[in-house]
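Taken from TrEMBL, the feature active site, proton acceptor covers 41. Taken from TrEMBL, the feature active site, proton donor covers 181. Residues or ranges marked as substrate binding site by TrEMBL: 14, 72, 148, 149, 150, 151, 181, 182, 183, 203, 204.
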Ligand code: DX5
């Protein structure tokens, strides 16, 4: 199993913009570009309008990757398929707090199944939602768009929540990654990093970068470090 990445800033692409007809090659290209992990945006067409892929597609891509996989479950009932996403090769599974009646139990079950646990918060969901599950948490994801589609505009109004989450994490003393996802570009990543994020999901900007993915990864990492420097 590939080692999880070293402390941030971590640059993690979403495969949402990839050519799904050549996913193995796309995953190899992302690894060659120097990404730290790869995120699989799992959408069920209910929690979010869009519909993407399940564990079988992720499992098919797994042999092509030298980096860890994370599954971002934008689904109404994440508990029912946790084991399948982990068996498919996801070392980190992220559920939405808004989809979990018993979030504490779900986070503990992800760890019991052998993966690292992540919890995502939609832009409207308060940071305090995770205050009582940090002991069960390896990653908090602050969505900087409303989930469901790539290519959306970054919601800068989430930055105070990112800062609040950074405070909660630092006060807890737990080694918890703080990830942001949605509209992350070289122009927006600095604000998210300055607010306290250390893991950055990029889809459309990275895939559309004229100089290619490796240059995009370097540009994002440099911009994140600059943002952190002003923190
Ligand atoms: C939304 C998705 C997107 C994707 C990244 O549900 O989670 O945020 O990962 O998309 P971009 O980088 O194109 O905003």
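For all residues, glycine too, the Cβ spot is worked out from N, Cα and C.
Feature map: TrEMBL annotations on the structure.
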| residue | record | Cβ neighbours (10 Å) |
| --- | --- | --- |
| 14 | substrate binding site | 22 |
| 41 | active site, proton acceptor | 23 |
| 148 | substrate binding site | 17 |
| 150 | substrate binding site | 20 |
| 181 | active site, proton donor | 26 |
| 183 | substrate binding site | 25 |
| 204 | substrate binding site | 17 |
Residues 14, 72, 148, 149, 150, 151, 181, 182, 183, 203, 204 [recorded substrate binders]: greatest CA to CA distance in Å: 17
Whole-number Å value for how far the residue listed as 'active site, proton acceptor' lies from residue 150 (substrate binding site) (Cα to Cα): 10
Rounded to the nearest Å - Cα separation of the residue listed as 'active site, proton acceptor' and residue 148 (substrate binding site): 9
